[in-house]
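Asks: Before I ask anything, let me first share the structure, which is written out below as structure tokens.
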Amino acid sequence: MGLLQSFKLYKKACLWSIFLSLCIIMEGFDVVLLGNLFAYPPFQKKFGVEQPDGTYQLTAAWQSGLSNGTLCGQIIGLFINGIIADRFGYRKTLIGALIGCIGFIFIIFFSETLVQLLIGEMLIGVPWGVFQTLTTTYASEVCPTHLRAYLTTYVNLCWVLGQFIASGVLRAMVSRTDVWGYKIPFAFQWMWPVPLIIGIYLAPESPWWLVRRGRIEEAKMSLERLTVRNSNVDFKLDETISMMVHTNEMEKEAQSGTSYFDLFKGVSLRRTEIVCATWMIQTLCGSTFMGYSTYFYQQAGMGVENSFSMSLGQYAIGAVGTVFSWFLMGWFGRRTLYLYGQLAMCVFLLAIGCVAFAGREDVAAQWTIGSLLLIYTFTYDSTVGPVCYSLVAELSSTRLRTKTVVLARNAYNITGIMTNIITPRMLNPSAWNWGAKAGFFWAGTCFLCAVWTYFR
């Protein structure tokens, strides 16, 4: 079955996968929102410490703490998800997570102290941990092989769209000097959960999950809802379900269990290592610059308005890059794209570090660094960013897929905690004050990641 035929037959599956992946927009929105608020004057004045020049800055410790609070919540949510999703299914788990989001946003919105904000970020990280893996796993299970790469990488597009929306909202609020300048962006997060809950309630469950639970008739009904009748494509429902049952039985024989311990047995150990490292590379290749982009631009010497405008353009370019990756995967293959994307980003990071020696007051250097970060963003979102989702969704076995993706995403989050500890210190003038020279550090880690990719 070719690409066009697959789309004709599984058109409904594609649309449901696209809809469920919209949950990721919420996470992309908040991650960029929080990172860019560190550069937002009303937020800085409310929660920051006055500097000798009269401006306000959050301390590097609190910048790290707030960012890592979300990641800690995600780690908890991911492990809970690995157990709950296997028992209750993807739909019910996602709906429960979205209901939790509605309540946790209240804590963030009404926070008056950094401690309250930290608690809210930790709690809302739990449902995000659910979104991070279930959307990718659902896409990989409801769609055929020919479409799987596109729909799993679409998750990265949702991430970028969330980042773009957050940057747009902040850019629109940049002229406000009161607390509503950052409270309104927080309130925007309430617009997602209700329509998503309604849509997910109506969505079909993954037929693979139903087969694993022994609910064969329900799996047939689900697969029937995911496919299009009279699509002029040779498709036999009963034979497809029989193939799923047979595959499940073969994997049950090859792998006696589906617990987290089984991820480290036999051939699954190598799969686990590759999937975890593949996702960790997303953090270690220097992408942390994008999350702190507005703050980064300001530390490179740009003004407030220009820095927010550059961030907005950055995420628009990222969206274009993700779409471009769909063509690149067909031309070059995923492994090649993943490897050479890292090598290209290493070069751009080195260039950013070199230009930084011109000084913060050099206007040409400011715009050169900004332009290089835009090129870096396009490269990341057309190679490593989206391709990662495609790889991690397909490298694990079907019986251990949810737990493998959960463990891999937690490896990503743990790595993210480490980068969130050091990145604010690199950029913050009251800490290490490296500014754009931090590009040298991330160029080094990016190169090491490329070496691992080449040999593994």
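Placed from the backbone N, Cα and C atoms, the Cβ positions cover glycine too.
Take a look at what TrEMBL says about it:
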type	residues	note
DOMAIN	16-456	domain 'Major facilitator superfamily (MFS) profile'
TRANSMEM	13-40	transmembrane segment
TRANSMEM	60-81	transmembrane segment
TRANSMEM	93-111	transmembrane segment
TRANSMEM	117-139	transmembrane segment
TRANSMEM	151-170	transmembrane segment
TRANSMEM	190-211	transmembrane segment
TRANSMEM	274-292	transmembrane segment
TRANSMEM	312-332	transmembrane segment
TRANSMEM	339-358	transmembrane segment
TRANSMEM	364-392	transmembrane segment
TRANSMEM	404-422	transmembrane segment
TRANSMEM	434-455	transmembrane segment
Asks: Taking a Cβ cut-off under 8 Å, which residues six or more beyond the ends of the transmembrane segment (60-81) line up next to it in the same chain?
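Replies: Sequence-distant neighbours of the transmembrane segment (60-81): 30-31, 34-35, 38, 47, 93, 97, 114, 117-119, 121-130, 132-134, 291, 402, 406, 409-410, 413-414, 416-417, 420-421, 424-425, 428, 430-431.
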Asks: Are there residues at least 6 beyond the ends of the transmembrane segment (93-111) whose Cβ is under 8 Å from a Cβ of it, and what are they?
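Replies: That would be 20, 23, 26, 77, 81, 84-85, 117, 119-121, 123-124, 126-128, 130-131, 134, 183, 186-187, 189-190, 192-194, 196-197, 200-201.
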Asks: Before we move on, state whether the transmembrane segment (151-170) and the transmembrane segment (404-422) share at least 3 Cβ pairs under 8 Å, counting only pairs 6 or more apart in sequence.
Replies: no
Asks: Based on Cβ pairs under 8 Å, which of the stretches 13-40, 190-211, 364-392 lies most in contact with the transmembrane segment (117-139)?
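Replies: Ranked by Cβ pairs under 8 Å, first place goes to 13-40.
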Asks: Averaging the per-residue pLDDT over the domain 'Major facilitator superfamily (MFS) profile' (16-456), what integer do you get?
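Replies: For the domain 'Major facilitator superfamily (MFS) profile' (16-456), the model's average pLDDT rounds to 85.
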Asks: Where among 13-40, 312-332, 339-358, 364-392 do we find the most Cβ pairs under 8 Å to the transmembrane segment (434-455)?
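Replies: The stretch with the most close Cβ contacts to the transmembrane segment (434-455) is 339-358.
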Asks: For the transmembrane segment (339-358), what are the same-chain contacts with Cβ under 8 Å, counting residues 6+ beyond its ends?
Replies: 281, 285-286, 300, 332, 364-365, 368-369, 372-373, 375-376, 379-380, 382-384, 387, 435-440, 442-443, 446-447, 449-450, 453-454
Asks: How about long-range neighbours of the transmembrane segment (190-211): same chain, 6 or more residues beyond its ends, C-beta under 8 Å?
Replies: 16, 19-20, 22-23, 25-26, 85-86, 89-91, 94-95, 98-99, 101-102, 105, 137-138, 141-142, 218-223, 225-226, 241, 244-245, 248, 398
Asks: Please give the sequence-distant neighbours of the transmembrane segment (312-332): residues at least 6 beyond its ends with Cβ less than 8 Å from one of its Cβ atoms.
Replies: 32, 149-150, 153-154, 156-157, 160-161, 163-164, 167-168, 171, 290, 293, 340, 373-374, 377-383, 385-387, 390
